[in-house]
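Chemist: Here TrEMBL flags 168-398 as domain 'Peptidase S8/S53'. Annotation source TrEMBL lists active site, charge relay system at 175, 213, 383. Under the heading region 'Disordered', TrEMBL lists 519-560, 572-599. Annotation comment: TrEMBL describes 545-560 as compositional bias 'Low complexity'.
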């Protein structure tokens, strides 16, 4: 970890003292630790404020201390202070609860392997070590607090994270390149496969970052001190370049190849770890702060392969201020991230909608620069929000060594998110999840024995280089995490739909499909929309006059759900729609799939998502058009893939009542509709409304999707199941 150099501390003198306590507040230090000279953590009594503290001791430390960082979650601060100030002034403030001398710890194996296992099985022991970092930015506070902080949040901040956060994790940055020799990577950043030239551009060019976007993104995921996982490996996978028109471009083949090669590298390391559990590989994660069209589902297939191998991909929602339409964002296996500012308010240019999985800071975010004169720069956009989530997910991967279960990684993200804290979400057209990213370390409801919610006990700090995923550690059994319920990620696909690598990839095409990313690659806000200042720094202020406030989504019901009910509405009974005079899109309705009244087997979400993608590709390539006189098509059926070996059927029928009321669409032309919209209608609507979670009767984590019907885009879209 890199620490900032500070100048000599000037002795602070009190101008006035009031209400001096008779006895000093407790002072704590660890005798077996390395104490940091003149570094202290001060914690207040409940309800006590910094302003009251400064008045009592007669000094405004935020202006006079060499380093001063509020810690709101502790209701206190960290500062560099001399002996007299800490022991003669601060400890005698009645509002001070305690003073702790800051310290650092040598990280080593905490398990005594000579101890008999049965002496530890009944004990709840803390198998992780936290790390206090004095240097950070406002978004570090927001994503580690465990609660919604009071605003405004100071620009400079400190935080507590897992010791060695992200150690052994490979974070693959697919972007414009990464300045791997940046001092704030401390040698942890490398070019993919050690190549100075990237093979994923046309023609191959230098792997260096010539635009600055990728370096900024990489810093947020894993930069020293302020990155989400400051001990992770940053791997530069350059996929973007400036085309002849000087616009940022990428090829579908280039991005798909990059993901494919990442999967291969990941699988190689998994095999090495299987041969030796002491091999220091914890897992992998991909960040893609861009979106591009993927009409044939090439990149989507690569993402699915990565997920099946155990790799999650975080992607950005886009910066157009609309319902997100990007192929990557809409993929069932990606974590699509929208952006907020430092007030927990939705960024006015952030896309929204049913594809969003989580929100993260993304406005005026400071991170690394490629400039030779300044190591930092400020950017805004969902491009910044995605790597913040990526870095936090790398925490979970590193701690538990989750190298083969992408579903579990997403489950950890969901279990630790803050619900209902994002404000001003523009979700009038489509419901948008109200969940804000958090690493979980300060979650007030978690056990002190674990670093975040649902983390198994008995796992070494950060997983360590020698942690054991899915095994006992010195007789302390891990919690059963194989069936951790989640509604934001899909269960593992059944064996009947597994495909080989050759079936997925085959020979690469020599003619890459170049796609301009302008307008779809999370472009930074431009001067045209008034969101860039004269200095060229991207910034934005939330305009309350243009965003409609919406209340937080309702909390999940405690009453078990069953039968013909709609999940998104909190276990509200639904019925299959009948003909209606109302035109346009209508909410999905779910068939009876559980409980006493249930008659239909439930389905696996991963299999359903793949089937929907395959079916849409067939309808598009076949140039199918449904009209009032040609209303039906051959359904798509798979047998043996639903609950109790039942069948799953997908089909679409022309529905005039589902056509837009403005007359803009009178037929269902699948080629014109496109893969993104077809997939949303065929699958995404059901995955939001007709999916069951652990509150449902007879919950089965492998089969969580009910069938149902959805009216939209001149079609009645159906997913049904039969025993």
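In case you wondered, yes, glycine gets a Cβ from its N, Cα and C as well.
Annotations in TrEMBL come from automatic prediction, not curation.
From a predicted model like this one, the values you see are computed outputs, not experimental measurements.
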Chemist: Taking the active-site residues one at a time (175, 213, 383), which has its Cβ surrounded by the most other Cβ atoms within 10 Å?
Modeler: 383
Chemist: Grab the pLDDT values for the domain 'Peptidase S8/S53' (168-398) and give me their mean, rounded.
Modeler: 90
Chemist: Could you round the CA separation between residue 383 (active site, charge relay system) and residue 213 (active site, charge relay system) to a whole angstrom and send it over?
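Modeler: So the Cα of residue 213 (active site, charge relay system) lies 9 Å away from that of residue 383 (active site, charge relay system).
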Chemist: Distance check, please: Cα of residue 175 (active site, charge relay system) against Cα of residue 213 (active site, charge relay system), rounded to an integer number of angstrom.
Modeler: 7
